[in-house]
Amino acid sequence: MEFSELQRPSSTIAQQLVRLRSKSVVSNQNGPQFNWGSPPSEGGEEGDSGPPKDLRERPMTMRLKRAIREVQQMRVPVVTRWQSWKRSKAKSLSRFRTDAGGVMSYVALWRKALHKIGGHFGGGVQSYFMFLRFLVVLNFLSFLLIAGFILIPSIVFRSTSTRNMTVDSTGPEVCKVYDPNLQGLVVFYQYFLDLLSGTGFMEYSYMFYGYYNNTVAESSGFHYNLPLAYLLTSVFYFAFCLICIIARMGSALRVAVATGSGAAGSYSKMVFTGWDYGCQGDRATKLKQKSIHYQLQVDLEEERLQKKALSLTLGQTVGLCSLRIFLMLISLALIGGAFFGIFKATVFSQVQVGAEGILGLFWVYLPSIVITTGNFVVPFMCDQIALFERYSPSTTIIVALFRSVFLRMISLGVLLFTLWSQITCFKDSPKCELCQYNNKEYPCWETRVGQEMYKLALFDFLITIAMLILVEFPRRLFVDHYSCVLTRWVGRQEFLVPPNVLGLVYGQTVVWTGALFCPLLPLINTLKFFILFYCKKVTLFSNCRPAVKTFRSTTSTIFFLVVLLFGWGLALVAMIYSLAQIHPSMSCGPFRSLTMMWSIVPNTFYTLSLTTQDFIFYMGSQAFSIPLFIFSCVVLCYVAALATVYGKSVDLLKAQLKLEGRDKQFLVKQIEELSREMGVPTRDQLDTFDTGAAN
Amino acid sequence: MGTTASQLRKDLLSEYQVVMHVFFRAHKRFSELLSKEDRNVPTPRVPMEKVLSLPELKSNPFRKRICHVFSTSDMKDGSLTFEDFLDLLSAFSDSATLEIKSHYAFRIFDFDDDGTLDGGDLEKLVNCLTGETDDTRLTTEEMRQLISNILEESDIDKDGTVNLSEFQHVISRSPDFVRSVQI
């Protein structure tokens, strides 16, 4: 506002002051600033088509947008033919992209079901089901990979078995004895038992490693080395899964890193972004309100507790710390006890091979039973211990989760370790002297390992279904139809996301470990997770009440994928050990003629032409790899520097916001002073003027 | 449906397609809300009670504020024309940007329409979030603690109120916001 304007009559000044006051309060914050002079071709700030995207981004009413578009269309932009062609192509490309996106989301698996789940139970539960869907798709794609490179060539070569060559293994004859017990007529229930334990008719089939031959098919220019394909497909399967997980984690991590830690600003975030407008129905709304209420109360209480904890005396702090350490040791002891139990059960089960009937089935399933029992009992007891540790609620959840992850993954690792030590006989050397593996008990040890993994996967699935039918449905019926103190205390089942996710990760880790030995395991897992989706959905809607304490969805996705990576790492270790350390069985499988599974790769490598060999040697040599390493270090440093710069610019902008607020207040004060000096009515006097006029 | 469709001229149609995302379904829903005699009026206006009967808005605690924010009526009665209705659907669609959603969310939360969120606005907002009945409200002590925490976290220029830029700053750190503001 210039001084010359102050020369005008006072009423105009008064009007302008009123406008200034309302403007300073409303317009800069509510009215988006649109540059009416901008030509329509300037919409390329995001590299997309011009006016439509620009206008759509603006929070203005329809009338305004239409007016702007009329103004823009009146200005005829002077552009070359090349530019107009480019712009029209860009417009049609973006339209095609939106249409394709629409079609893809329509075709996406379970889209409506996920939407319904999210609306009724919130983002945390929905993220569990989205994780499940991701695993189904991952397993299915892996199965296609394996079927294409291993299964179908194997079937083809088996049916045209004339022109292929199989290399016979060298070694003692006794190692090559493998009789997979193909009986003609068996008792009818034997089929059922065989289905559950992977023996009998299932053992010598495409299901397990032992059935595949080490055929190298040669016919008129077509050369297919089945053992090499088997190995490389397994390795590539692991790499493929890793890439999928990292790609999925990438977008979530990017958002999490950009927004910084969730701790700061949590109250404002909860209040401003807490409401889910997709909630429909009175029941869902009331539940959401209750959960927000609970969340706010818990956080406020946690803050009060923290303030109190800071004021603890030294003696009390020391006492609390020692209590926590003691309880942590107890929980570790519990977990160690579970591991010991699994070890003993596995050894015992391997000894008992050959028992018949239901008892035989029980011995065969003993390791799975012990693992599952441990996975139920130990976390429950750790939860009871956690009540005494007196951590804050959020820390308690994280500690409990990490304990469960540790328990599950390491129990699987103990099982694998036990199996491996049995096969390669760490303790009894005489058994393994002849064939470098325990050929008496394991004539085809890879099939046995595959069977163990198959049993684990199947048992996990059966237990989940049994829990559903025998525990959750009856609980709901009991709670709904009888009302006594017990039912009110127990209440309906709450769908707890972390234990369910750990179950999924455990199942997937079992599949990864077993895929080398049981190529059809990804297919079985696809079917298992597919059925599990529907079962869990049914139990969610019929038996569960929504969790009062909700799980934040983006950080939980990252957590699920990190835990999945743990499982992947464990399976990778198992696979590397099997490939590189243990002598493959001489009686079965595609690697029967080799001393190590991995040696097929160097063997084939040396049959390549010399130039290819030299090229690959060069890629592995220092002259190539060291510059590559230095280059990737440089890229890493650049990206890290970029991230720090962005963080600093966020701080600078925040400081600028502060300064702008102060500038505004300073200017308004100046105007008031000047207007007082000039004898013009001030803001307060205008207020009374307004109310007086209204009256 | 035939009479209302013919009311839209071809040039208006192409303009709507340029600026809005979901058009035809929206028009069908809007004309379902109109009463018989309003259908032949050139720019029909749906009263607020009819809009609040939509299933998506019926139990939303902010439904009245949403109607007031998107309404362009001079009488401030929350009634919506078809254009206002389109604005509403567009702002709550899944392709609207963070800027649009945060702008409208700010206006919805601004109960006294003064352009900033002060203590009174925040208290009303928290009461809407937790439920209006006595047993679902926070106690006075908790409310005071909560409001002082919110202002401490988000009021950057320390003027005792949260303005649009500060609000958008808080929103930008929450990745779930875009997905949650969807009908």
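Each Cβ is built from the backbone N, Cα and C atoms, and glycine gets one as well.
Lifted from TrEMBL, the feature list:
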{"type": "COMPBIAS", "residues": "A:24-36", "note": "compositional bias 'Polar residues'"}
{"type": "DOMAIN", "residues": "A:444-553", "note": "domain 'TMC'"}
{"type": "REGION", "residues": "A:24-58", "note": "region 'Disordered'"}
{"type": "TRANSMEM", "residues": "A:134-157", "note": "transmembrane segment"}
{"type": "TRANSMEM", "residues": "A:228-247", "note": "transmembrane segment"}
{"type": "TRANSMEM", "residues": "A:317-342", "note": "transmembrane segment"}
{"type": "TRANSMEM", "residues": "A:362-382", "note": "transmembrane segment"}
{"type": "TRANSMEM", "residues": "A:394-420", "note": "transmembrane segment"}
{"type": "TRANSMEM", "residues": "A:453-471", "note": "transmembrane segment"}
{"type": "TRANSMEM", "residues": "A:501-524", "note": "transmembrane segment"}
{"type": "TRANSMEM", "residues": "A:558-580", "note": "transmembrane segment"}
{"type": "TRANSMEM", "residues": "A:600-620", "note": "transmembrane segment"}
{"type": "TRANSMEM", "residues": "A:626-646", "note": "transmembrane segment"}
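Spatially, the transmembrane segment (A:558-580) is adjacent to the transmembrane segment (A:228-247); three or more Cβ-Cβ distances between them are under 8 Å for residues at least 6 apart in sequence. The stretches the transmembrane segment (A:394-420) and the transmembrane segment (A:626-646) do not meet in space: the count of Cβ pairs below 8 angstroms, excluding pairs fewer than 6 apart in sequence, stays at fewer than three. Counting C-beta pairs under 8 angstroms (sequence separation of 6 or more), the transmembrane segment (A:501-524) reaches the transmembrane segment (A:453-471) with 3 or more such pairs.
Sorting the domain 'TMC' (A:444-553) by DSSP state (H, G, I as helix; E, B as strand; all else coil) yields 85 helix, 4 strand, 21 coil. Mean model confidence of the domain 'TMC' (A:444-553) amounts to 84 (pLDDT, 0 to 100 scale).
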